[in-house]
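All remarks here apply to the structure that follows.
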Amino acid sequence: MSAVDAAAGAADGAHLAAGTVVGVVGPTAAGKSALSVALAHALDGEVVNADSMQLYRGLDIGTAKLTTDERAGVPHHLLDIWPVTEPASVAEYQRLARAAVDDILARGRVPLLVGGSGLYLRAVLERFEFPGTDPVLRQRLEAELAQAGPAALHERLRAVDPDAAANILPGNGRRIVRALEVVELTGAPFTAALPDPSPYYRSVQVGVDLDTARLDERIALRVDRMWADGLVAETRLLADQGLAEGRTASRALGYQQVLRFLAGELTESEAYQETIRATRRFVRRQRSWFRRDPRITWLDSAGSGLVAEALRVVRPAAR
């Protein structure tokens, strides 16, 4: 953060309305974490993690989780809360995140909800009721998944709910099964269960991004740094803790590819290159999700005075 940004933060922070949640969103490698720390200092805030993979203990290098020093004294909530064997639950995350937000607000501070997992952010900020589950139906669908594979079930989902199919990867069997379960239970599309646009909290959202060529370059540099920092060794350690059996954590970018290398399915060079390619594909999907939300004000993370610009967005919107 520049001296100009720091001065702007000190001047602007006091104008934030009480009870407002600040969202900092955007694609992987765009600069959300650094901006959130600077904003937290300017606004007397605390960060609530909304990155689905940073919820897992030990997934540090591959998720670019900030170190204690990089957090610069800013409290961070909902990091390292689950073992790598725990399946992700948006409903459980919603409960934990709202409890953290409420606690921060009760202490008169500003919650900053920060991450690139769009559904997690919306589940906190908006009114979202989770459909129930049926163990018998779930067991049947999971048996079909094991027999026919995710691609076949994805085609079935495409026939009954094309919008959901467009937002779920053909290889993500767990989410495909859940979507089909909701369709059968409710008789309505899975997308009908997405958060209602009505707000749960008063909020203002800032998105950070930069042009594709520069972001692609950042991604390549980030993956190079991950390898240099010991991603392979970290994945080996996590494999001993059951990472490969973790239905969610095993799909984390970088870890998924290194697990395939450790299993002999890829060379290390292939795992490295595939991590870059997979991250770039993931960024395209993140952009598609976030760009549909007109409430997000987008800023160029490569621009000068980013923190001051973000505060100029936050201040009037939060009054």
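Yeah, the Cβs are placed from backbone N, Cα and C, and that goes for glycine too.
Keep in mind it's a predicted model, so treat the numbers as computed, not measured.
Swiss-Prot lists GLY26, PRO27, THR28, ALA29, ALA30, GLY31, LYS32, SER33 with the feature ATP binding site. Secondary structure at ALA30 (ATP binding site), taken from DSSP and collapsed to helix, strand or coil, is coil. Sequence-distant contacts of ALA30 (ATP binding site), defined by Cβ-Cβ distance under 8 angstroms and a gap of at least six in the same chain, are VAL208, ASP209, LEU210, LEU215, ARG218, SER301.
Positions annotated as substrate binding site by Swiss-Prot, on the basis of sequence analysis: THR28, ALA29, ALA30, GLY31, LYS32, SER33. Sequence-distant neighbours of THR28 (ATP binding site) (same chain, 6+ apart, CB under 8 A from its CB) are GLY116, ILE219, LEU253, THR279, PHE282, VAL283, GLN286.
What Swiss-Prot records for 51-54 is region 'Interaction with substrate tRNA', and it gives sequence analysis as the kind of evidence. Under DSSP, residues within the region 'Interaction with substrate tRNA' (51-54) fall into helix, strand and coil as 0 helix, 0 strand, 4 coil.
Less than 8 angstroms from the CB of SER117 (site 'Interaction with substrate tRNA') sit ALA50, ASP51, SER52, each of them six or more residues away in the same chain. According to Swiss-Prot, the site 'Interaction with substrate tRNA' annotation covers SER117 (among others), on the basis of sequence analysis.
Taking a C-beta cut-off of under 8 Å and a sequence gap of six or more, ARG138 (site 'Interaction with substrate tRNA') has these contacts in its own chain: VAL177, GLU181. The site 'Interaction with substrate tRNA' annotation in Swiss-Prot covers ARG138 (among others).
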Review point. Of these binding-site residues, GLY26, PRO27, GLY31, which scores lowest on Cβ atoms within 10 Å?
Key: GLY31
